[in-house]
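S.K.: Here it is, the structure, as structure tokens.
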Amino acid sequence: MSNGLYLAYSALAVMALAPIFYGSYESISRLKGPEKKKSSKAFPEFSDSDDSEDEIDSVGSKDAYMFPVYGSISLFSLYIILKYLDKNYVNMLLSAYFALAGVGAATDSLSLLVKRLTGIKLPLYHLSLTHKLKQVFDLKFTNLHLATLLSSIILVGFYMATKNWILSNIIGLCFSFTAIKLMKLDSIKTGIIMLTGLFFYDIFWVFGTEVMVSVAKNLDAPIKLVFPKNLLNPANSFVMLGLGDIVVPGIFVALCLRFDQSQYLKSIKYVPKKPLPAALKNRKIGFPFPTPYFSACFVAYILGLVTTVFVMHTFKAAQPALLYLSPACSLSVVILAAARNELSELFGYSEETEENSEDKKSAKSSASAKNQTEHLEKIHQKEQTPNLGQSPIINKLHHLGVPNSKASQSSSQISAGELADDEHDSQYEPKLSSDQSTAKSTPAPSSPDSSKKDKKKKKSKSKN
């Protein structure tokens, strides 16, 4: 093997491993503490929680069974189109389609890369469109997204104009990274079903027919990674690896990392929505936790890729990479689980179950908090409500603003009729202080002169 081939295969391996590694870590859930209060700022800051709001594409067991079927239909359709139609027009249409998709993938990947490297936080803008109370469009973005969108358009534009293999690889890496980050298998069983089905799919279409090799050679679109065998003369020939040989094992490797995270969180008895221990706060992309299954699967992928290259170079013929990658990834995880006596945990793991249990825990904690709040409100209402066992006079004095001690003293001196008059007057007069109300409610003593005058009036009435 020449030095040029060593360089080509090494570069191809590095390009394949990079999106699998970083895409796997981007697919895991960040550790979350209590929910923060909504910011009063017009434009809240861009945070990790905003990253996690991407639309996740979950892959279930039914999807895994249908993967080989859908793949076969798509592959054979492309083969027929390229065989009976002008390749230039077909490549032009497919290049335009992948260019539009590439702008989105490149924008997402580049903005996330810049954010992770710099730790920058920018104002978050939210664009939402509704029609008849139904949301039809929802988009969150920052100035960084706008800048990387412009860069992505320029990148894809240059690729469309030049068909440069380096630009094609950049777009292909963005596709792979985004797919591994967003496509999530729901269980280890689903992953093994998918790898097993695509194992036979790859063998049939590579060894049984010329379809896959023909499509890969004639289709000029960023659906594969390429590297020249001779870097000084890159126009001659290339070694290539299809994006499917990266994405399909990659989403299984990412699943293994999430399984490691689940096992770790169970070991520390982590409860969602609760305050985090000091050692776990502010964890970034590579926050440490044991990753035995991820490491085993990742190393198995490397060994499977090396085996593919070795066999391909030895026999001078194209090889179905999933022939080696699928059993390497699946068997490595199963063997490790058997050695650690964790087969039941491995095959019992389901991300839907994990999410439901977290939702139940958070719902339970929120319900207990709600009950505590209602209990405190009842206590407060009891404190504010007057004692119904007291006399109506004292209660009415409470209404007029008289304290308990003054009310009890005054109630023995005033009648219900006088209190009613005071209450009637109080509708038109400001509330009295305690001293004033006592003074007003207590009748003033009669003077001697006034009593003499009353007696004279009575005598005059009797004479008449």
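Keep in mind that glycine also has a Cβ here, set from the backbone N, Cα and C atoms.
Automated prediction, rather than curation, is the source of TrEMBL annotations.
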S.K.: Out of 195-215, 321-341, let me know the one TrEMBL marks transmembrane segment.
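M.R.: Of 195-215, 321-341, TrEMBL gives transmembrane segment for 195-215.
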S.K.: Which of 6-25, 94-114, 195-215, 293-315 has the most Cβ pairs closer than 8 Å to the transmembrane segment (235-257)?
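M.R.: Per the Cβ count, the answer is 6-25.
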S.K.: Look over the recorded stretches 6-25, 64-82, 94-114, 293-315 and say which has the most C-beta pairs under 8 A to the transmembrane segment (195-215).
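M.R.: Counting Cβ pairs under 8 Å, the winner is 64-82.
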S.K.: With CB pairs under 8 Å as the measure, which of the listed stretches 64-82, 94-114, 293-315 comes out on top against the transmembrane segment (6-25)?
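M.R.: Per the Cβ under 8 Å count, 293-315.
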